[in-house]
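Undergrad: Annotation comment: Swiss-Prot describes 38-61, 102-133, 595-618 as region 'Disordered'. Residues annotated as compositional bias 'Polar residues' in Swiss-Prot: 44-56. Residues or ranges marked as domain 'PDZ 1' in Swiss-Prot (evidence: sequence analysis): 159-246. The domain 'PDZ 2' annotation in Swiss-Prot covers 254-341 and is backed by sequence analysis. According to Swiss-Prot, the feature domain 'PDZ 3' maps to 403-484. Annotated domain 'SH3' per Swiss-Prot: 518-588, in sequence order. What Swiss-Prot records for 637-812 is domain 'Guanylate kinase-like', and it gives sequence analysis as the kind of evidence.
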Amino acid sequence: MSPSIKKLDCFSPMLCHCKVACTNSTISLMFGCKKYRHQDEDTGSPQEPSSPQFTDDTPGPELVQVAEKSLSQIENVHGFVAHSHISPMKVESLECIFDGPSPVVKEESPPSPSTPLSNPYPQSPVSVQANPPPVVVNTESLDSAPYVNGTEADFEYEEITLERGNSGLGFSIAGGTDNPHIGEDPSIFITKVIPGGAAAQDGRLRVNDVILRVNEVDVRDVTHSKAVEALKEAGSLVRLYVRRRKSASEKVMEIKLIKGPKGLGFSIAGGVGNQHIPGDNSIYVTKIIEGGAAHKDGRLQIGDKLLAVNSSCLEEVTHEHAVTALKNTPDVVYLKVAKPNSVFMNDSFAPPDITNSYSQHMENHISPPSYLSQPLPPVHSGRFSPTPKTTVGDDDVTREPRKVVLHRGTTGLGFNIVGGEDGEGIFISFILAGGPADLCGELRKGDRLVSVNGIDLRGATHEQAAAALKNAGQTVTIVAQYRPEEYSRFEAKIHDLREQMMNSSISSGSGSLRTSQKRSLYVRALFDYDKTKDSGLPSQGLNFKFGDILHVVNASDDEWWQARQVTAQGEVEEMGVIPSKRRVEKKERARLKTVKFNSKSREKGDNPDDMLSKGQSGQEEYVLSYEPVSQQEVNYSRPVIILGPMKDRVNDDLISEFPDKFGSCVPHTTRPKRDYEVDGRDYHFVVSREQMERDIQEHKFIEAGQYNSHLYGTSVQSVREVAEKGKHCILDVSGNAIKRLQVAMLYPIGIFIKPKSVENIMEMNKRLTEEQGRKTYDRAMKLEQEFMEHFTAIVQGDTLEEIYDQVKQIIEEQSGPYIWVQSKEKL
């Protein structure tokens with residue numbers, strides 16, 4: 001019979017940081033390993049033998065409100081933040097990162113978050129050779145034949161000895177009999193080798209290696225937690241017996257290419273951090289451009305692996321490094337290439353582009369300026385991912401008139417036109433992504449419209465061309481002629497006209513822009529804006545995303561502002577029109593009224609479309625639009641608060657990959673110190689409960705709560721100490737902590753991971769049921785609604801890797817020393 005557990009009272013039900021303690025099987029995880037937290041993933045963990053057992057006579061963990069009456073000024077105060085190195089184990093996870101020293105486990109300390117930090121292995125010189133030459137494991141010494149998915153001849157075996165460093169062993173694992181990683185194979189797989197860690201420095205352990213034994217412990221056919229335990233308890237010197245599939249035979253050859261007008265004429269993908277094939281950091285050829293040097297030579301093929309270019313090695317390098325090496329070559333280029341075995345020689349069997357990355361066209365710097373580029377799917381910053389490829393050059397497009405047939409859709413024909421003055425012609429200036437013109441693929445920016453359904457537009461005015469297109473019916477036959485040079489001159493003229501128009505008074509009306517008495521200010525956008533979806537623009541609009549900084553150079557008009565975007569590199573030259581605060585709020589309130597009218601049967605709060613508004617019934621809705629900001633210099637590393645699904649995986653990876661840049665703080669507690677604990681290392685032990693309650697009332701804590709009659713909390717001072725040491729303090733807290741840190745002048749970087757859908761969540765965590773995925777999604781939507789204006793940025797992605805790359809980029813951009821903070825200026 002299951003032991004009874006006292007129900008927890010969570011002070012922030014929306015985030016429920018204590019949910020991990022709400023089932024019998026997870027009591028031991030409440031203050032210990034928090035690699036994957038249940039408020040993110042809603043999955044139960046199997047009962048572990050080590051989990052504390054409670055009976056009816058033994059009270060379970062209880063989280064109760066602290067000094068209820070005296071804490072009225074503190075909203076949603078709950079929980080506490082473990083300061084551990086984001087625990088070096090993932091008991092309830094599919095994947096574990098061994099990124100910290102082996103811990104000392106004390107029987108009496110389930111609530112101690114500091115336990116995993118204790119390192120029983122002194123960092124003194126070790127006389128034993130840490131990295132001996134590879135040896136082949138005598139598989140006859142194993143109790144039984146290794147689990148083999150394939151024949152014995154397909155595999156090779158190696159013994160690897162690693163010395164556990166300050167950042168642990170430096171690799172991640174997945175698998176086990178309870179959580180097979182690949183199909184039904186129960187093996188323990190290496191899923192990640194962390195740069196800079198012990199495994200990476202040794203250089204022999206590879207992604208997809210299978211661990212057979214850790215020291216003398218057999219980890220074949222064991223549960224995930226048993227493998228974790230074996231690695232944790234292995235000591236400072238860890239001997240790993242691993243199995244890996246033998247590399248397919250490759251033929252290495254040298255290819256000499258002479259650059260032509262189209263450069264080398266091929267595209268690449270892959271590299272460290274942007275693997276084209278999971279587990280493989282190689283640089284692969286993904287496209288041979290017709291007519292280019294590689295195509296004419298005929299030897300380079302899709303699927304070939306680039307080993308070197310001239311004297312520059314391309315093995316184990318980033319995508320950006322490979323791009324630079326290929327760009328900086330002379331006219332004669334020598335490529336060292338590995339040809340795969342015959343099974344891959346046919347293009348239909350080429351290694352799949354698993355990551356859907358966009359490879360770089362090597363020689364796009366040689367091509368003339370292109371006006372053909374269509375809107376590309378979003379990609380990560382160039383530092384973390386490949387840049388988009390250029391698929392076609394101007395020379396490939398005919399300059400002769402061509403016939404294009406479009407079928408009008410809900411978005412019209414899906415393109416914008418400009419021109420029509422003094423017989424200059426009508427040009428396509430923009431093609432809407434996903435619209436009929438885009439899907440057709442035969443029209444492009446820079447096309448001149450010759451006729452529409454037989455109506456000659458060569459001498460038409462703008463109004464005549466617009467009328468012809470509007471009245472053309474559902475099926476529209478267009479004759480277009482590509483004229484990039486004419487359009488280029490025309491675009492320069494448009495820019496000059498736009499500047500004149502933006503700085504002068506335009507005729508009054510609903511689309512007017514009054515520009516008398518210019519007013520300048522800086523704002524942070526609290527919503528996404530797509531100019532193509534705003535029909536009332538009086539002039540060229542300016543796209544922006546949530547969190548972007550905008551320099552509003554003219555805010556004198558009630559409806560429209562003129563603005564430029566501000567990036568980390570400075571202010572962008574392009575100026576455009578954006579909706580004013582008043583216009584945004586007016587349109588959003590009108591939309592919300594329509595939503596409510598059409599959704600009366602829905603219960604309050606159930607509508608995910610209400611994300612932009614806040615407020616109580618009977619009051620005018622508070623709509624997020626812009627926040628006034630000013631630039632400020634900081635001399636500390638900003639704390640980092642990540643909220644939303646998968647946040648714990650991201651937190652763990654940040655500390656694992658960059659232990660010198662990210663850290664965690666020491667919490668406070670009123671619990672008596674145990675013999676093995678050190679004040680200031682494991683906890684700050686507060687002398688009296690009364691003292692800590694006073695500190696809470698005086699807002700010295702960003703979050704606090706009670707466990708087993710003892711108070712736990714994270715103080716502002718603890719966070720400040722980490723920040724002033726030059727490390728970003730990773731905080732596992734609620735959104736309320738963002739506001740408290742801002743008040744304390746410790747401006748955190750708040751990042752919200754916004755799931756695209758329930759399916760998106762389930763794809764990133766395949767253990768979730770649909771119901772659990774739905775709950776996780778609903779929690780994320782409520783989280784966004786509650787704290788949206790406090791987020792520095794919002795990230796979305798199809799994979800965890802994509803999200804992680806975005807988070808790293810945001811933290812880098814927002815690290816300072818100059819940051820934008822909320823100002824008191826009135827909008």
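Glycine is treated like the rest: Cβ placed from N, Cα and C.
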Undergrad: For the domain 'PDZ 3' (403-484), how many residues does DSSP put in helix, in strand and in coil?
TA: 15 helix, 34 strand, 33 coil
Undergrad: What stretch of 159-246, 254-341, 403-484 shows the most Cβ pairs under 8 Å to the domain 'Guanylate kinase-like' (637-812)?
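TA: Most contacts with the domain 'Guanylate kinase-like' (637-812): 159-246.
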Undergrad: What are the DSSP helix/strand/coil residue counts across the domain 'PDZ 2' (254-341)?
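TA: Each residue of the domain 'PDZ 2' (254-341) counted once, the result is 14 helix, 35 strand, 39 coil.
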Undergrad: Per DSSP, what is the helix/strand/coil residue tally across the domain 'PDZ 1' (159-246)?
TA: 14 helix, 36 strand, 38 coil
Undergrad: Average the pLDDT scores across the domain 'PDZ 1' (159-246) and report the rounded value.
TA: 86
